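Asks: From TrEMBL, here are the annotated features:
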| type | residues | note |
| --- | --- | --- |
| DOMAIN | A:365-577 | domain 'ABC transmembrane type-1' |
| TRANSMEM | A:24-46 | transmembrane segment |
| TRANSMEM | A:88-109 | transmembrane segment |
| TRANSMEM | A:115-135 | transmembrane segment |
| TRANSMEM | A:142-167 | transmembrane segment |
| TRANSMEM | A:204-224 | transmembrane segment |
| TRANSMEM | A:230-250 | transmembrane segment |
| TRANSMEM | A:257-277 | transmembrane segment |
| TRANSMEM | A:283-302 | transmembrane segment |
| TRANSMEM | A:361-390 | transmembrane segment |
| TRANSMEM | A:411-430 | transmembrane segment |
| TRANSMEM | A:436-458 | transmembrane segment |
| TRANSMEM | A:556-580 | transmembrane segment |
Amino acid sequence: MATDNANADGFGEVSRVRGIVFEYLSFGASVFGLVALGVLLVYVAIDAFDLANASPEWLLTYFLTLVVPFLAFCLYSANDRGVTRRALGALGGGLVAVAALFTAVETLVSPIPRLNWQLAYLFVVGAPATAYLAYVGSGGRVGAVGFGLLGRLVGGVAIGLAVGTLFLVFDPLLWFLAYTLGVLPAVGLYAVGRRRSTPRAQTAAAPVGLAGLIAAVVLRDVVSTYPSDLIIYLWTVAVPVAAAGGLLVAGRRGRTAAAVVAGLPLAVATAGGFLAAGAGLPAPTVLLVLVLTGVPTAAYVSRVVDAGEGLAGLGLPLLLGAGVIAGALIVEAWGVPAPDPWLDGSFLTGAPSRTPTDAGLYPAIVGSVIIIALVAVLSFALGVGTSVFLEEYTPESGPLGTLTRILQVNIANLAAVPSVVYGLLGLGLFANLLGLGIGTAVTAALTLSLLILPITIISAQEAIRSVPDDLRRGSDAMGATRWQTTKNVVLPEAMPGVLTGTILALGRAIGETAPLIMIGAATTVFRAPDSLFSRFSAMPMQIYTWAGFPQADFRYGVVAAGVITLLIILVGMNGTAILLRNRAERGS
Amino acid sequence: MASSHDADATGITRRKSLAAIASAGALGLAGCTQSGDGGDGGDELSGPINIAGSSTVFPLMSAIMEDFAEQHPGVDPDISSTGSGGGFSNFFCTGDTDFNNASRPIQPEEEELCADNGVEYVELIAATDALTVVVNPDADWIDSLTTEELAQIWKSDPVQTWDEVRDEFPNEEIERFGAADTSGTYDYFIEAILGEEGHTGDYQATEQDNTIAQGVSGSEYAIGYFGFAYYFQNPDQLKALGIDDGDGPVEPSLETASSGEYTPLSRPLFTYPSIESLGEEHIAEFARYFVEQTTNEDLVAGDVGYVPATEETQEEQLQTLEDAIEQAQG
């Protein structure tokens, strides 16, 4: 203040230079990280999909058959002349600008490795323009329907694959008994109890379920004949999912529609499952994917048809599918040289290998998915438990209050402990002392849960603290007990914040390598783990190993494919969690 | 307007078809059942094989495991690259792994640790490696070093500039990249070159050959050493130095290593199966398969870049192994 006015009298002019400089410095700071990360991702994508060897004709073909129809769909949905004009201007102008700039840099400064101006155009102009138009397009009714349908298709496939992966390590026979004897009777009792409003049936549900679970564990080795895996999945997953979908629709539209929504996908999935079994494919996974994709899709289509708005959006998956097929046909017919991507089907379903072209990530993908699922459950339960206790049950003053504050400071400090130290803790405590085994999935999941626990606790505490005290007092005034207040008021209100913290923490856990090395997780396994106590490898471990291989193909192509897979799974996981959170937000 | 006869006929048909459906259903269900004991029938080999140890042996062992896993779908092998010493002290001698790979023989402290925990083992030779000393490909002023000069560069109190090593070398600081002290490569380098003098601490230590290669290709005055495989796969990225052990400089290659000319840096690589584990049939079978594969030139030399074992060595190893298996199973 004083310096500003040092050589001015009264209300002199105040220099704006500093303000402007500060603004641009902060702009630079925010762009720096994004640009660096963007360049890295572009190069990783180029390596993983072998785009450096993609001919311009190949890029053009798919640009015309896939990207252009998609952009047209978005523009049609947005139905806004201004947007259309700007989009076409940006795409056309960007083409000229990027080509000119790229050529100028290459001739004047130095050649840019593994990039050509077509690729640069796609990444610098094409990708942002597509993202922007998708955002604008989703605002329109048609676009919303199209993206909603696409989301359910992709999400259903992803969840189906994830559930199928989890069933690899859990004994399906035990699950069959547990479901039939425990889960089904308990849910049935609860539903009947709610329908007829007999509280006794509702209270009986939990003990009945528990008794059923215990019976299942006891009977597991006694019973000698079980249905085949496919029938188990049909009975325990596909039928309930279809029934749930049907019930949802029945509430809105009556029985016929419900029967169609539930029955059609179920029939398709069952047929698909048996066909897959005949063809030697993993039938249970096919069944799960089909039913978890089919039921939500059918329910969504039925809702859209009911609403009668934006029906054209239902064509979006067809448009994209047709684009892919048309592109493939053109490439095939005219013999356009296509790139040979590292990230392909055999990479995702194959085992690691010494030859780069045969190398696959499947066992490590399964390992990572299983660990993350366990970590999510463990850290959520432990994190929410701790934070509720610290926020709701501990006194704020007196000696106990001091103790709580000391505890708080320690939890905050734990967040800064290096991950290697947690690895040592896991090796000593879980692997050796508790005998859970060196390098097993359980040990890894417990170790990683401890690692991210401070982050989940702190963020859950913040979320609980931000619930207004008025709500608690209001609940108290209605005569609610502390447990009822916590359950009905505090937790629902805090849930979105709690989930945000958990999502961030899980993102860290999936990429950790150091603690896994410490607990002796395998560098390479050749089969997917088949129990929680078998040794496993995780994606970051396998990627790190490949990065050290002597062959250049491993260090560039295979590693890049692994990184992209890891990122896709991370995004899928976060996407699911964010959807859940948004739902919780809307609910509360 | 159906007659009673017709009605009868349809009745029978219906009953028949119901019976047919029922029997088909029963047959179908019979085909859709499984027994509760997992169903691992027959004498097919099955079970896990846990291996840890040297990062130098890792590519060879994992290549052999890959083939073995392909041939025996019931076997579930896994391997960790922990360094020879890390594998012995953290996993093998505590009884947690079935094999430990090592790029140098087991050391007395490790023998003691294994004995304390009652872990018995047998030593098998896996292949021969030629420890390779590399410099930047632009360094045209250097082609070879004598073992004494090498010791001057890497001893615990090393020379600082290149012209102290040899007068005609440039007056530039030496940048060193080498194996970390958990690595068998480090131990072997001390044994073969440095002896009592000990290894310098003034260098970039890593378990990753790739990091050494990156470091050396970054500076014209850098020097590094690692196993032969990396140089074999990327001969243009780095320049391997000839080593003069008194009989003139010899460059590292599969030929010079197997003929014994490349001294003192050609070294045997080992794997140590635990005798208790060899009692399990699938592990014994894997150990036999491993020894058989050590003479496979396509795999050992072509895919990985080590020197395959000779037929005689293989015979001896097989004999040692069979004795151990007999001891374990008999």
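First residue shown is number 1, and so on along the chain.
A Cβ is built for glycine as well, from the same backbone N, Cα and C atoms used for every other residue.
Where in this structure would I find these features, and how exposed are they?
Replies: Here the transmembrane segment (A:88-109) has long-range neighbours at 71, 115-117, 120-121, 124-126, 129, meaning same-chain residues at least 6 beyond its ends whose C-beta is under 8 angstroms from one of its own.
Sequence-distant contacts of the transmembrane segment (A:115-135) (same chain, six or more residues past either end, CB-CB distance under 8 Å): 42, 46, 51-52, 54, 56, 59-60, 63, 67, 70-71, 74-75, 78, 83, 87, 90-91, 94-95, 98-99, 102-103, 143, 147.
Within the same chain, residues 171, 173-174, 177-178, 180-183, 185-187, 189-190, 193 sit at least 6 positions outside the transmembrane segment (A:204-224) and bring their C-beta atoms closer than 8 Å to a C-beta of that stretch.
Note on the transmembrane segment (A:257-277): residues 230, 233-234, 238-239, 242-243, 245-247, 249-250, 283-284, 286-287, 290-291, 293-295, 297-299, 302 of its chain, located 6 or more positions outside it, place their CB under 8 angstroms from a CB of the stretch.
Counting same-chain residues at least six beyond the ends of the transmembrane segment (A:283-302), those with a Cβ under 8 angstroms from any Cβ of the stretch are 148-149, 152-153, 155-157, 159-161, 163-164, 167, 172, 229-230, 232-234, 237-238, 241-242, 244-245, 248-249, 253, 257, 260-262, 264-266, 268-270, 272-274, 276-277, 314.
A Cβ distance under 8 Å defines the sequence-distant neighbours of the transmembrane segment (A:361-390), meaning residues of its chain 6+ beyond its ends; these are 162, 165-166, 168-169, 347-352, 404, 407-408, 411, 441-442, 444-446, 448-449, 452-453, 456-457, 460-461, 463-464, 486, 490-491, 498, 501-502, 505-506, 509-510, 525-529, 532, 536-542, 561-562, 565-566, 569, 573.
Tertiary proximity for the transmembrane segment (A:436-458) is limited to same-chain residues at least six positions away from its ends with a CB under 8 Å from its CB atoms, namely 169, 367, 370-371, 374-375, 378-380, 382-384, 386-387, 390, 411-412, 414-415, 419, 422-423, 425-427, 430, 498, 501-502, 504-506, 508-509, 512, 515-516, 519-522, 529, 532-536, 538.
Remote same-chain partners of the transmembrane segment (A:556-580), defined as residues 6 or more beyond its termini with a Cβ less than 8 Å from a stretch Cβ, comprise 41, 43-48, 50, 155, 158-159, 341-343, 347-348, 356, 359, 361, 365, 368-369, 372, 499, 502-503, 506-507, 510-511, 539-540, 542-543, 546-547.
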Asks: Is the transmembrane segment (A:230-250) packed against any residues at least 6 beyond its ends, judged by a Cβ distance under 8 Å, and which are they?
Replies: 163, 167, 172-173, 175-176, 179-180, 257-259, 261-263, 265-266, 269-270, 273-274, 277, 283-284, 287-288, 291-292, 295-296, 298-299, 302
